[in-house]
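Features of the protein shown, as given by TrEMBL:
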- 1903-1924: compositional bias 'Acidic residues' (COMPBIAS)
- 1929-1948: compositional bias 'Pro residues' (COMPBIAS)
- 1971-1980: compositional bias 'Basic and acidic residues' (COMPBIAS)
- 139-251: domain 'Cadherin' (DOMAIN)
- 259-370: domain 'Cadherin' (DOMAIN)
- 371-487: domain 'Cadherin' (DOMAIN)
- 488-604: domain 'Cadherin' (DOMAIN)
- 604-707: domain 'Cadherin' (DOMAIN)
- 823-941: domain 'Cadherin' (DOMAIN)
- 942-1042: domain 'Cadherin' (DOMAIN)
- 1043-1148: domain 'Cadherin' (DOMAIN)
- 1150-1271: domain 'Cadherin' (DOMAIN)
- 1275-1383: domain 'Cadherin' (DOMAIN)
- 1389-1512: domain 'Cadherin' (DOMAIN)
- 1513-1628: domain 'Cadherin' (DOMAIN)
- 1903-1980: region 'Disordered' (REGION)
- 1-27: signal peptide (SIGNAL)
- 1738-1763: transmembrane segment (TRANSMEM)
């Protein structure tokens, strides 16, 4: 109390002293403009390259404020578009790319601005140096030229000029680009010649350097490269070559011919063709034959058309010549030089020579013939598809070689048969095969076939003979047993009771057979096959199935017994013959279901004993009784009426026994026994069985205390004293009050913050009453905490104990007791002098922490001050008294017109009152307003608008005109173009000169309208605009451009007429005459219309495609028809492609006919003779189709014996027709004649212009003698054999044999297969021995892949010619059971089946759960029948699987009530697919599989229903938290689980209520309970929080209850409640047995020494007496909660808890636990700290604050004395140019630690005191290689002038590489430290004193070397010495000139540090190891 009185007395005096001292240190100050001190980098005329990269620093300027304030830099608007300046450092960087060509001069104006808004400008012009950044360019855009091919080498084609707008580039060079083969070829023909060159232009020529040849190259593209040393430009020059006559004739056709003998004299043989390749003066060509006398004797060539004819008979057998020898013809082509005289060329330029050969071929003259005229054969009706019928025909032709070929034709209207082969060569074996076996059926007529087979020779020219042969084949169909018996159904089902006697009829099954006789229905016989067939009989004739005789009792064991087998699957087989072989069978399935007869009792296997906890309805282990009924009857369970069964019930289906209510121990009829005993019954509806059940009862503490009501709310005033009554809470416990389970202790667990406590108020019945009181020392403050939420916890004394909680919310009622204040306390604003009256300048804000407040704000007018622009205070208050006004809300408005020339600065004192209380509460603040000048005169242009003109395509920077503006008040700061479409122009920033900035194209834009703007330098800067109209003048700068690069059109040859063929079109972008386009061409075949560009044929021009296919010429487009001097032109090629007309007919090379000879044994397809014909047309018109005229065939059979194949080629001039043998020529010797027709257009006459030519052909067939082999085995064609599948490779299939009546080589037979007319000894499936005819398997047969094979066997002798015969063997593959059923597989595994069942669904609800399906590759239905069964996973018999369909269903017996997901969430079963047939004929040699494909996994997921509520994992949650715990402290965690799927993961936790209000919060996801408020003021120390867990369900809820609720007890402890366990183990080890330690301390006593709950706040390593940390011992901070007999909880004070624990440690039983956990001792928390605060802490803080303020006042007075004593020195320094005192010292890298005397570092009392501190310069934190020494900082002590030493913390050593500091080499300047007033200054003072604008005091810091540093100051009052170790501080190398450092909130006012310019003349000091710094405090 005494301390408080002292503060109240001293505080006003101290504030007055501070205000007076501050007032006396200020004087008037006039603001001065900044001064530029360094502008060398931007001095006038400095040069910068235009390619300097953006971001480059080009200059640094520096300015200073004479007033000592900071400087900010900016650029004028013109320079800011290209440059940018750092506002703090003055560094100027390039922002946009410089452009010399656009603006060679860059004008810069730098603006320096101080903190008062005063500015100074510095202007300069920089010269932009040109860089090589533009490409050179050719002066002409397009170059196109045409040269004659005889142009002289060295001819100058064109002059070239290249320019470059740059000036810094190298000399321009032009070279020829040879980067590709085509360009390299052009560079060899043309070259570039330099004439004159420099870095600005290049002049030269393009010269022809090599001869031209039109026939080699018709055009060139020359690419030139212009290069200026850096940049390059490509230019294409197009040069066309014009033709002249200089080439000899060229043979376009000169090839040899092959002609048949016998051509008559004068026949056309062939022709040659040559043409003159010159396009100019093209001459006709004439032909002559010379050279070989033999050729001249036989042939002649036509002089005009080159046709070759024979002049003598041509005979292949001519005795005068060697047979087959060729004729060689030499033909000369000569140009016709003169049409009048007939003169012919006779030199290499006008003549050419060709050599061709002509070869003769033989001809044909015989027809084919069959060996018989008729054949008779019988076939079976089951003959296989593709089988040959058993007949062998031979066709012969007496011709030989290719002339003995023929085609075979079969006339069969039914389409059932085909002839094989379709063509052949004599002699040939012919047979007939079946192509439609389905048509052959004895039961379905016809039963006979008459077939005609013709063999037609491939061409004959003997008209008197019919060159074909034919025969008739008669086929008879033979009946076979080929119909299987058929059952009406695939499955028959029947039922029989398990006790049915012998002979009981079960079912009748019959089948039908379409065959007749014994093979039909009347001959069917039945039998049964399968497992259990001995139990049943079937009548073999009637098909009646009965019960068979059984040697035993029906219904038991090996007789029909439902318990042994429930059904039988039998195969019923019907056979159509009683014979053991040769019969057919039909099979069906019979399923006989056995009907159950109840003949067995249920039976139990055991007695049942379980236990149940009190209060539960379910035993600890589920009590499920299970009985078994062998009959499989559904069993129901029940409990008979018994005394001890009254509390129990049983599920009749599952046998689950549960209690009908929660069991209490008192429910027992015999408590001594402790169990229930009764019997349960199982019944199958007819028989019953009993089982004994025993259930033992376990007693538990199953009731928790409950508060009523659940929550409490009460309000108290904030001035309520300690020890006051607050409220009474009541709780009860349903457990017996005579035991610990029913006794309750109540405590405040959380939220009291030491402000509340509890005491018992007695009991009423089983209700416990507890009073809540304020703590004796409780103090409440509404502004700090307005509500306390107490968690009150009640805990019973059971083991384990139960708890209940409630929340008591204590609301604190507010009282008005706080002063208002301004935020911020000081406001500075600016306003323009032109602002109107009422304008809101700013809004000041006042605040009051009281809830009930009413604030009013106003000015203290008497303290308002004003100053003019010169800084002189205005004394006439009428000039400023009412300039501004303020309303009650704090809005400051302009109240009168402002005039900056009268008043430019005002200061106001703000005053706020809270009028809600009496007397009113007050607060003060400060407001400063600066009035700014306003500029109102805008620039004016000389003209209202400008009209200018410029030529298009002018270079960049071309002068256009000048745009000038003037301003009466200010200078013109900058010009710019506000509107500049296309950015085509640019304007000088300073001069207003307008220049070209982009390409000007008259064709794109005729004129441009610009808007120019001028801006003055006033504030604010004003602007004005003018309009500039620029007309662009047109020139001829565009060449005509064709709309296509190439024109191409197709027309018919020989076209004529006057219509235009095509129109070429060109356009010119120029206007007027420059844009008018005309056309020209000099072609002799075509002309172009000059005006329209239409192209026409020249008169009398005849275009023949056979002479020329394509015509090419150039069309020229030119502009300016009226002014040739400026004319430009371009050319485009035109291609005229001639389309062919069918104006030529085919021409045979032998017009007299062809002949050939073939032997009768020739094979079908052998060539007889080849014909050649030619058609000069193209495309389809030249395609020739060769056909034989059927009417011309003599004899007519010739048409059937021979055929002709058309051979077409896209490359050969001639096309050929190949006559081949069509059918066998056997026995058909003779001469055959026919005519061949050659038709063009491929024989298509749909257009009516097809042309045909005919030629006769003669074929002679010569006779041959040889007999074919005869097959004896197989005995007939289409013979069938059977083999089994799945046997082995190399198996014997068949042994065949044939005989031959011939002798010698002709009697030796070779055997082979005929595969697609090719003989081979092996196919992929079979091989045949060529000698023995043994056929073996090449593979293992698989009927599932192929059911049968058809083999064509060939027996061929070795005669010459050879003879052969064929037969057909059919191999049928029989099925065996060689495949197991397989389920679908993926990646070598069977694909599991995934099914889902809703939880709780019954079998009726679900139906079929899913179906499994497997397949069997076997084809026989008895082998591929698939059955299913469950082999694993159905132990509970919950599922049924249909063995035949694979349908999976729920078992009505096992899953009658559905499935419970909480019991089993997913079922997994293995299902086997199998056959019931075992085939011993299968050879199984398969590799072992890793997975059995016959087994599949079936997964059944039970879909969850939210039918189980959440459940908390603990029934008693408690936690402790100290009263001083931080906000958000984790106290404990609750956790709930939900057996439903995924419910626990989505569990949401909610706090329902809290006994203490709202102190705690529960994390909704984690369940962590935290304090949401600080707990110092919590009322109850035992709050209770009710927490609800919600499973966040979004699924259908089957049963109610998706939430759970638990109460959490929280105990709020104080430090005094804790004891410390001294444990001789490390803290990490103690944490491991933390829970054991808690259990050791707990006891069940209900007395004062009971410990119900134990809380461990912290486990930490022990701190030894010497301050070191022990790593072998630890301290455990423990608090404990007890419970009294009334059941109330209480927190043990530390002393009581220590006594209880010591007693436990001394107890013989419990001491063992402490010893094993290494607990040595227990002490209270205060004993552990060994410190106790005996004084009032608040009073102590006030005393310390007063001492600090007093010391600050003394220091401030000392500074005032120094200021007065230094007046003269201050005047001297103000006049000096530099405000520094410099002594130079060289800096070292290590940094200096910043420190101050601790006596000044009182952040609680900043006030208005100012201190000088040494600020450590900023530097990024980097590792330092060495640890600097400890730095002592010496400051003068206040009392005796001595030195107090502050030892700074040493910087830890960081292992790292040494740092390379970029330290300046110049001497380090001294730092001047100036205090600047901050806003915080005005928190304690307002208004400013009279000398507010006096110069501020300056503190100089100067660095001295060792030898100059005195030990003590000469004048202790003037000097503060600071000693730094190692080296002085340095600033970063890149630090700006001015560093403005803002201190932290609690630091003294701003310290403004300005390094002065260094003096390089000062000598550098030696590098000291240790330097001292002297800080002189001089007031200037």
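Including glycine, each Cβ sits where the backbone N, Cα and C put it.
Of the Cβ pairs linking the domain 'Cadherin' (139-251) with the domain 'Cadherin' (823-941) and spaced 6 or more residues apart, fewer than 3 are under 8 Å, so the two regions do not touch. For the domain 'Cadherin' (488-604), the predicted model reports an average pLDDT of 84. Comparing 488-604, 1043-1148, 1150-1271, 1275-1383 for CB pairs under 8 angstroms to the domain 'Cadherin' (259-370), the maximum falls on 1150-1271. Among the recorded stretches 371-487, 488-604, 1043-1148, the one sharing the largest number of Cβ pairs closer than 8 Å with the domain 'Cadherin' (1275-1383) is 371-487. Each residue of the domain 'Cadherin' (823-941) gets a DSSP state, and the totals for helix, strand and coil are 6 helix, 53 strand, 60 coil. Broken down with DSSP, the domain 'Cadherin' (942-1042) shows 3 helix, 51 strand, 47 coil.
Under DSSP, the residues of the domain 'Cadherin' (1150-1271) split into helix, strand and coil as follows: 11 helix, 64 strand, 47 coil. DSSP assignment over the domain 'Cadherin' (371-487) gives 7 helix, 59 strand, 51 coil.
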